[in-house]
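For reference, the structure is listed below as structure tokens.
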Amino acid sequence: MILFNRVGYFVSLFATVSCGCMTQLYKNTFFRGGDLAAIYTPDAQYCQKMCTFHPRCLLFSFLAVTPPKETNKRFGCFMKESITGTLPRIHRTGAISGHSLKQCGHQISACHRDIYKGLDMRGSNFNISKTDNIEECQKLCTNNFHCQFFTYATSAFYRPEYRKKCLLKHSASGTPTSIKSADNLVSGFSLKSCALSEIGCPMDIFQHSAFADLNVSQVITPDAFVCRTICTFHPNCLFFTFYTNEWETESQRNVCFLKTSKSGRPSPPIPQENAISGYSLLTCRKTRPEPCHSKIYSGVDFEGEELNVTFVQGADVCQETCTKTIRCQFFIYSLLPQDCKEEGCKCSLRLSTDGSPTRITYGMQGSSGYSLRLCKLVDSPDCTTKINARIVGGTNASLGEWPWQVSLQVKLVSQTHLCGGSIIGRQWVLTAAHCFDGIPYPDVWRIYGGILSLSEITKETPSSRIKELIIHQEYKVSEGNYDIALIKLQTPLNYTEFQKPICLPSKADTNTIYTNCWVTGWGYTKEQGETQNILQKATIPLVPNEECQKKYRDYVINKQMICAGYKEGGTDACKGDSGGPLVCKHSGRWQLVGITSWGEGCARKDQPGVYTKVSEYMDWILEKTQSSDVRALETSSA
């Protein structure tokens, strides 16, 4: 535990307003007060991640640099809360502060790939193995049940006996117990949270069975599935036992025991009525739960500290209210006659120390449930459009089938469709940077949404104008990298059944395996063709990057790209489809997985299309959309 001495630094006049998604980091700034916990992290980004997953943390301060007398505080991550959502800022050189990402659905991810040269992340060393490089060391950690982080000593390390050795480590908190600078050492974290473990994924649920292994913690949960999710995101839980509300010992009813063992596997389950046991899903590659619980439990009362009371129409509205209230962790919606008025029934917003109810009782007239603040896509409620299923080899789409698709048209002597794009917000469209090669002038562009046929467009057809064009700063003409651009519209869109946004993926979706993917657009239906009048659609399989690279030996297919297409050809995006969406259905939602970018010809055999991988640009998208909105607010306030 790190203790921070209260020193009389200069206090800023600015308050920290915690409303909605706040991703900004404040340099040379420290939040005063509100201390919850202190840990060590290698950088501010990991500190922010830890704050996001802490049940009460709203703000954090990280010390990247400290005075010589305070070296024990360097790399200190101070997690904080505030009743008002604000804390005073003080100036401190080397400090970096920011907000939890609890309300930033697309940013929420436990995966952390960064490695840190020159740092020794210390913990309990439980395994030392010889490996040839840092990648092998990280893989070794990822495929070990107990490894949370590691340190690798290079061949230049000053102690010969440790050279090219990989030290696997863990701690009670899952974070380093201290961090020191050291030459020729490299540290990093396990990639289990990135769905890259090869351990395997036992998903068995054992009814009327209990594990008798070591308990690492316990929480109150309404069922075994919430228990399993909590186990999955706990740093030391490998399996669990949950006792139902019919368990004979009253004090253990609805108790979820989080467990571990030295071997990483549980002992054989013991037959026990009203007990349910199972495994953490941390090592799963495909089936990983989100760190949230969406089910609403009828006739159940979640007890906890009362945060606020309001009156609403329905348990789902109560859950939405809880989700939008950043400190709310769970809620009770009462249907008792004395708790109902004209405007609705009583919605009690609640919280606890660990984010779980302090007690669960049954038989009430009403419902209980959890905040959805840690659900990946909770901040895009309008993007949940359900649909019924450039395109070479495609078929005509139906009106409203792909409501996020837009046509980007240039108006010079005449008006022409040039590219596609995707609605991602009321004032934002995402497309390809190369669409603006030679035409980077916002005034000449028109954006049409909610249409099926290009021939429908007349002078009276509503269109949007560009207020701001944001092309990725690393994009270069005639290169395939960083082919992404944001369009800010002059006027916010009105959402209709024909014009709605597509869900954006989370950063954690980098390794998600998609099986139901489609491309859409008005582009050519053959290589030497012409723009189509009716929007085309085509289902298309994704191609692994390694296989795609073999087809394009003269180009580099990097992790910021994703490929799709049939081996035999015949279906692909083509000219006029650029900037349009590659969407995939995953966990019941359509997500924007790719942006049509480039390829060799159209629908050629063994020449898949190459798309910009959206999940790799989520930080950039959020940074640019938020900074633009902040600038607009500052301008309007001036």
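Cβ coordinates come from backbone N, Cα and C, glycine included.
Under the heading signal peptide, Swiss-Prot lists 1-19.
Residues annotated as domain 'Apple 1' in Swiss-Prot, with sequence analysis given as evidence: 21-104.
When secondary structure is read from DSSP and collapsed to three states, Cys77 (disulfide bond) falls in the strand class. Taken from Swiss-Prot, the feature disulfide bond applies to Cys47-Cys77 (among others).
Under the heading domain 'Apple 2', Swiss-Prot lists 111-194, citing sequence analysis as support. In the domain 'Apple 2' (111-194), the DSSP tally of helix, strand and coil residues is 15 helix, 38 strand, 31 coil.
Look at Swiss-Prot and you will find Asn127 (among others) tagged as N-linked glycosylation site. Long-range neighbours of Asn127 (N-linked glycosylation site) (same chain, six or more residues apart, CB within less than 8 Å of its CB): Asn144, Cys147, Leu167, Leu168.
Across the domain 'Apple 3' (201-284), the model assigns an average pLDDT of 95. If you look up Swiss-Prot, you'll see 201-284 marked as domain 'Apple 3'.
Counted within 10 Å of its Cβ, the other Cβ atoms near Cys284 (disulfide bond) come to 19, all protein chains included. Residues or ranges marked as disulfide bond by Swiss-Prot on the basis of similarity to another entry: Cys201-Cys284 (among others).
Among the features that Swiss-Prot reports, N-linked glycosylation site is placed at Asn215 (among others). Classification of Asn215 (N-linked glycosylation site) by DSSP places it within a strand. When Cβ atoms from all protein chains are considered, those within 10 Å of Asn215 (N-linked glycosylation site) total 14, not counting its own.
If you draw a 10 Å sphere around the CB of Cys256 (disulfide bond), it holds 26 other CB atoms from the protein chains shown. Under the heading disulfide bond, Swiss-Prot lists Cys227-Cys256 (among others).
The feature disulfide bond is assigned by Swiss-Prot to Cys231-Cys237 (among others). For Cys237 (disulfide bond), other Cβ atoms within 10 Å of its Cβ number 23.
Annotation comment: Swiss-Prot describes 292-375 as domain 'Apple 4', evidence class sequence analysis.
Taking all protein chains in view, 18 other C-beta atoms sit within 10 angstroms of the C-beta of Cys375 (disulfide bond). Taken from Swiss-Prot, the feature disulfide bond applies to Cys292-Cys375 (among others), supported by similarity to another entry.
The feature N-linked glycosylation site is assigned by Swiss-Prot to Asn308 (among others), with sequence analysis given as support. When other Cβ atoms within 10 Å of the Cβ of Asn308 (N-linked glycosylation site) are tallied across all protein chains shown, the result is 15.
Under the heading disulfide bond, Swiss-Prot lists Cys318-Cys347 (among others). Residues within less than 8 Å, Cβ to Cβ, of Cys318 (disulfide bond) and separated from it by at least 6 positions along the same chain comprise Val312, Phe331, Tyr333, Cys347, Ser367, Gly369.
A C-beta separation below 8 Å, combined with a sequence spacing of at least six in one chain, links Cys328 (disulfide bond) to Leu307, Asn308, Thr321, Cys322, Leu349, Arg350, Leu351, Ser371, Arg373. A coil conformation is recorded for Cys328 (disulfide bond) in the three-state DSSP classification, outside any helix or strand. Residues or ranges marked as disulfide bond by Swiss-Prot on the basis of similarity to another entry: Cys322-Cys328 (among others).
What Swiss-Prot lists as disulfide bond is Cys340-Cys345 (among others). Other C-beta atoms found within 10 angstroms of the C-beta of Cys345 (disulfide bond) number 21, with every protein chain shown included. In the three-state DSSP assignment, the secondary structure recorded for Cys345 (disulfide bond) is strand.
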Inter-residue C-alpha distance, His434 (active site, charge relay system) and Cys237 (disulfide bond) (nearest angstrom): 47
Spatial neighbour of Asn215 (N-linked glycosylation site) that is closest, considering only the recorded positions Cys77, Cys227, Cys345, Asn396, Cys517 and their CA atoms: Cys227
Candidates 21-104, 201-284, 292-375; stretch with most C-beta pairs under 8 Å toward the domain 'Apple 2' (111-194): 21-104
Leading stretch by Cβ pairs under 8 Å, where the reference is the domain 'Apple 1' (21-104) and the options are 201-284, 292-375, 391-626: 292-375
Cys548 (disulfide bond) CB neighbourhood, other CB atoms within 10 A: 21
Cys340 (disulfide bond) and Asp483 (active site, charge relay system), distance between Cα atoms, whole Å: 54
Rounded distance in angstrom between the Cα atoms of Cys345 (disulfide bond) and Cys237 (disulfide bond): 39
Nearest of the recorded positions (Cys256, Cys375, Asn396, Asn494) to Cys517 (disulfide bond) - Cα to Cα: Asn396
Where Cys227 (disulfide bond) falls in three-state DSSP terms: helix
